[in-house]
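Feature list (source: TrEMBL):
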TRANSMEM  A:6-28  transmembrane segment
DOMAIN    A:7-177  domain 'CSC1/OSCA1-like N-terminal transmembrane'
TRANSMEM  A:101-121  transmembrane segment
TRANSMEM  A:156-175  transmembrane segment
DOMAIN    A:198-360  domain 'CSC1/OSCA1-like cytosolic'
DOMAIN    A:371-643  domain 'CSC1/OSCA1-like 7TM region'
TRANSMEM  A:373-397  transmembrane segment
TRANSMEM  A:417-444  transmembrane segment
TRANSMEM  A:465-484  transmembrane segment
TRANSMEM  A:572-597  transmembrane segment
TRANSMEM  A:628-645  transmembrane segment
TRANSMEM  A:651-669  transmembrane segment
REGION    A:721-757  region 'Disordered'
COMPBIAS  A:740-757  compositional bias 'Low complexity'
Protein chains: 2
Amino acid sequence: MATLQDIVYSAAINLLSALVFLLAFAILRLQPINDRVYFPKWYLKGIRASPIHSRAIVSKFVNMDLKTYIRFLNWMPAALRMPEPELIDHAGLDSVVYIRIYLMGLKIFVPITLLAFAVLVPVNWTGGTLEQIKDLTFSNIDKLSISNIPPGSKRFCAHVLMSYIFTFWTFYVIYKEYKTTAFMRLQFLASESRRPDQFTVLVRNVPPDPDESVTEHVEHFFCVNHPDHYLTHQVVYNANKLANLVAKKKSLQNWLTYHQNKYERNPSSKPTTKTGFWGLWGTRVDAIDYYTAEIGKLSEEEDKERERVINDPNAVVPAAFVSFKSRWGAAVCAQTQQTSNPTIWLTERAPEPRDVYWDNLAIPYFELTIRRLLVAVGLFFLIFFFMLPIAFVQSLASIEGIEKVFPFLKPVIEMKFIKSLVQGILPGIALKIFLIVLPIILIIMSKIEGFTSLSSLDRRSAVKYHLFLLVNVFVGSIVTGTAMDQLKTFLNQSATEIPKTIGVSIPLKATFFITYIMVDGWSAIAAEILRLVPLVMFHLKNTFLVKTEQDRDQAMDPGCVDFATSEPRIQFYFLLGLVYAAVTPLLLPFIIVFFAFSYTVFRHQIINVYNQKYESGAAFWPDVHRRLIIGLIIAQLLLLGLMSTKEARELTPLLVALPILTIWFHVFCKGRFESAFVKFPLQDAMVRDTLERATDPNLNLKMYLQDAYIHPVFRGGELERPEIIDEEEDNPLVPTTRNSQKSQSKYSSDVSSGAGS
Amino acid sequence: MATLQDIVYSAAINLLSALVFLLAFAILRLQPINDRVYFPKWYLKGIRASPIHSRAIVSKFVNMDLKTYIRFLNWMPAALRMPEPELIDHAGLDSVVYIRIYLMGLKIFVPITLLAFAVLVPVNWTGGTLEQIKDLTFSNIDKLSISNIPPGSKRFCAHVLMSYIFTFWTFYVIYKEYKTTAFMRLQFLASESRRPDQFTVLVRNVPPDPDESVTEHVEHFFCVNHPDHYLTHQVVYNANKLANLVAKKKSLQNWLTYHQNKYERNPSSKPTTKTGFWGLWGTRVDAIDYYTAEIGKLSEEEDKERERVINDPNAVVPAAFVSFKSRWGAAVCAQTQQTSNPTIWLTERAPEPRDVYWDNLAIPYFELTIRRLLVAVGLFFLIFFFMLPIAFVQSLASIEGIEKVFPFLKPVIEMKFIKSLVQGILPGIALKIFLIVLPIILIIMSKIEGFTSLSSLDRRSAVKYHLFLLVNVFVGSIVTGTAMDQLKTFLNQSATEIPKTIGVSIPLKATFFITYIMVDGWSAIAAEILRLVPLVMFHLKNTFLVKTEQDRDQAMDPGCVDFATSEPRIQFYFLLGLVYAAVTPLLLPFIIVFFAFSYTVFRHQIINVYNQKYESGAAFWPDVHRRLIIGLIIAQLLLLGLMSTKEARELTPLLVALPILTIWFHVFCKGRFESAFVKFPLQDAMVRDTLERATDPNLNLKMYLQDAYIHPVFRGGELERPEIIDEEEDNPLVPTTRNSQKSQSKYSSDVSSGAGS
């Protein structure tokens, strides 16, 4: 058991490391040379230009203005200043709603914390059980927790009552948030300018027809069944091979640039390379000639393949993007069933063009269900087998474990300071390492499952990651942490015993989770703002690959909100907060700090750094809500389990009502709000159609939609009709009106005051 | 423990009682006087007329033709003879698909039984455990069950293997059945003649508008949002008070007729009645005058109320039946979301007019969710508190229980014959009594839940009843039967212990369930065909109320398939069969007899007796499928539980895969077929619209739909436009073409050969 002192040590270390990160960030971001790493968003928007031209050589790279170093935290208020509507214009609804999750954390937990400290802490502190038991070692933290209440005590009424209040408060907050988000989404969709996906429906599983090609079949089907509304359609090509060629060419191009740059800087020696794998073996040749020749060969191959794909009827997959004359027609087609066989002619609202995941458009229904089954089983094994190494490492990471395995370390470890350090940090780090490789596996699994848009891939991965965190981090830490052997017993244990087993361990693990919050929640967030990896990558690219200003733009890696991993991690903090609110209120302030700090950091990031890959209009909110409900139910069940071991039988029936109420609340909210995130209401569609007919009666919609849904590999190439693509790109997602541009520039100069632009 | 002998006794008694019922039926149905009780369907179809006119006085009432008595079972082949397509024409798809459930039972269990008897029975019989344990009393039945296999034996492989084969065979059969039913439904819907509900959408939760009445608001909304398709609409009146008046008037009318009849038969004494409650007290008056006056008063009141409802804007509830110009338009509106608030302007495909449950059309969304929560909690308590009396009665109904409570009965009970009788029959009867009051409660609960059509009320009640049977009859019988005290332990027991506890008791309860099948499945079905209650009721009415031929038609109570209770009961047999297939195969033949016998009986009933209240087009099949899946999963979990207590650890992982596969199979089937039962595909709608435009270009659809959805109380009254209603009734659900009429008459004379029509 870690004592209060361990916590203080650990807190100090983590605060220190967070402070170091923040300081480093404060210094690095003020250097003009790093400007593109810390403010890429503004460059991408075209509002900020490189500071190279107007300065002396030194100040091009280093900020010499010492004044600006003094207030090293001044990015924080700057980040908080931009009002929400402008933030939506600037960064899109997805990002804004994402940071609202942190805000929601504050809204839930600040009042809960105040109440818990006012009521539960005094009740627990005066419980006086732990002092009576002589042979038990306990820390002061435990005296603040529910463990300090004697079994069968009437004091548990306070916990039950509080758990009701916490639940209803959470209901209130998340209901309001769901409502606000739904409203924001509808506002956002209504204020959007014309976009191809508003008129388009993705049709999958076009059945084969012996007499007609896919494109004819699609045209005939929709001409017959949507005669007044069908406009045009685009078939989908299987361009995976072509995409590979394009990617390969791009990589060769990079090498060519690298060698050319090298040659320019040092014209005396011509760069050479080897022809074999990765340039490691084979005959040595002149690098520039070699790569130029290779790229020429690839270009030819690419052209041939492009030709083949466009002309080969077999390269057309049985899917199409069907466009309609009106938003109303598209909304109708997306929401209705087309034929009596519900596994063919599947229609759904088309994702926006940059959100399409092209590889998955052609999976037949039966294969899809098989894939889902396999992924579900795979996920189960992934979650299950990940459990063992974590448990092993954690058992090592205890003082006793280390002494057992490495007896020679005993004298070192027994030193008070190091002991605290080991106990405070190691378990958290052990967990952290395991979590790094995971997101990639999960996104691959989601791709196998066959989802057709990047946003849905992200959402599905988040579901998996959340499950993983629940089982491995939450349950895994609680149960194996107390005893490695419990794992095996646990697997053979019955389902309602689990809340009890976990519930009993909950108060004991408070210190572990406090440490975890500090490592994962505080330091990691501070590291996020420092952007070490993009910083290094940018400077490497800048040195070796960049020739023109455009290259430099491409070398920026603004990144984006990684919904698939970040959101489940936030949910984990919600879960911790909800679980410990009635058990060990001391944990709550740590969570509040996490939410407040993260909110500031991510607000700064979405303003200055992240560039979203797609815009789904906050389509993920129902998932967020559902996971909050899951967290609430887990918290309630664990409290129930804990209570039932405390000889407080008469109180447990009261607690049973909570999960039922919570499920009802979920059903209620789902019915009330969810369809705002799934369907596009006909009334709104009609309003916009009518408006558009009035304002733009001569619009050539067919022309506008013609090439909207074309595979990106065709877009990059030398295809004809590039003007259409330009037109589409002239209609960006977020309308950059003059007004919002102005305010953006204002904030841009605010947040980087002194950065020297 | 009941022995094999008890079973034989019980079987003999039940077979005897079934035989008595069948004999009674065979004799009664041949009497012309009962013709309307046993062949009401043909009367309702107008194919059969009363045999009164053409016979001598005696043969009007009693069948004197002795030949016809000889083959008293000849109704059976007759019932089986009518081919399915004609049966659909004759009785509707709901009924036909309903009896296909029994057929599916045969398809599933005949091969399973053969296989189980070929493989499992020899394996079990030679297990030889029970002989070795000296102090255990066991019957020969147990020697045939899995109990006879020693723990840890390799023989369990056979059970695991068989359980896989059974599962896959069940998958195959229910997949094929789902497919067939979906096909039949689509065929049926496509072959239907024009019906108002094809063009109509039920719109609920019309939001209040300060400036417009409901009817104006509805008209404007749909004119704007479905401009090309909206045709007309009908508002819904709150006519509950009027409906009460109509019902009251009808009851008074019955009394009047009764007294008039009495007076006609015995003109010497004028009938009198008392004016008070139910004619039990109050002043004595002349009955005919009194009732005539009362009816006159009521008629006036009714007219006034009718006037009020039609003219009072507050009598209009915020719901409407909106009709469209085409089936396509209606299908689109029913499947799409109308506004951004998904709790107003809710649209769904309108139920057919006679299927509408008028009282529930005006419930707002929030109230609806509250009602569902309350009903769910209510259902929980209903299920939970019903358990205690059943358990109590069953503990009494054991030999030991009776001897304990009534020690003086000991000598009687200990007689061998009576002991077997008590053990064989009592537990089954105890259960049965409890199940009689239940359906009424459940249908009331479903009404509270707010469903808008009779068919959905039936389906929801079936869900509740199924749950009830699962918990109280299945689990309740297994657990409390072995020991009353287990109940309490059970509630505090953990969830994965439950499969073990139940699984272990499963083999022990085989004899109980065999008895149950014979009482509930054999005798009760035989009683169903005898129709004792309708028989008595008909003769009572015929004696006291009938004056004209039309009255006699009304006195018939053909009844209908009571889906809400019958289907869950079939499911219970499926569950028993699936659970015992791998455990005690001896139970399977009893189930097969049940399915075969029921199939014949109900086929006979839907041909000759039942008159369906509504036609939902087999909309209940997804429920049937889901409950089969639940049965499969329960069977698999219980086998898993049983195995895990048999020291067959290495085999249990193999069994874990089964429920997962089953859930996957369910998801697969749901995606593949379910929407055929929920949505109306646009392609089909378009085909029918086009066809109709070609065949009937001058159809005045507005006229046709005008009064289709009018509250039945307005219909019975003296409203103008009765010709519209007639027209609608001229388009009955099942097109009675000359051809099918002919064949129906043929079968009519077949099945009642010698009944004297």
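Using the three backbone atoms N, Cα and C, a Cβ is placed for every residue, glycine included.
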Among the ranges A:6-28, A:572-597, A:628-645, the one whose Cβ pairs under 8 Å to the transmembrane segment (A:651-669) are most numerous: A:628-645
Outside the transmembrane segment (A:572-597), six or more residues from its ends: residues with CB under 8 Å to it: 102-103, 105-106, 108-110, 112-113, 116-117, 120-121, 124, 141, 144-146, 159, 162-163, 166, 170, 466, 469-470, 473-474, 506-507, 510, 513-514, 517-518, 521-522, 525-526, 627-628, 631-632, 634-635, 638-639, 642
Within-chain partners of the transmembrane segment (A:628-645) [C-beta distance under 8 Å, separation at least 6 from its ends]: 146, 156, 159-160, 163, 167, 170, 174, 466, 470, 498-504, 506-507, 571, 574-575, 578-579, 581-583, 651-652, 655-656, 658-659, 662-663, 665-666
Close approaches to the transmembrane segment (A:101-121) from elsewhere in its chain (Cβ under 8 angstroms; 6 or more beyond its ends): 144, 158-159, 162, 165-166, 169-170, 173-174, 177, 567, 570, 573-574, 577, 581-582, 585-586, 588-589, 591-592, 594-596, 598-599, 602, 624
Local confidence of the domain 'CSC1/OSCA1-like cytosolic' (A:198-360) - pLDDT mean: 81
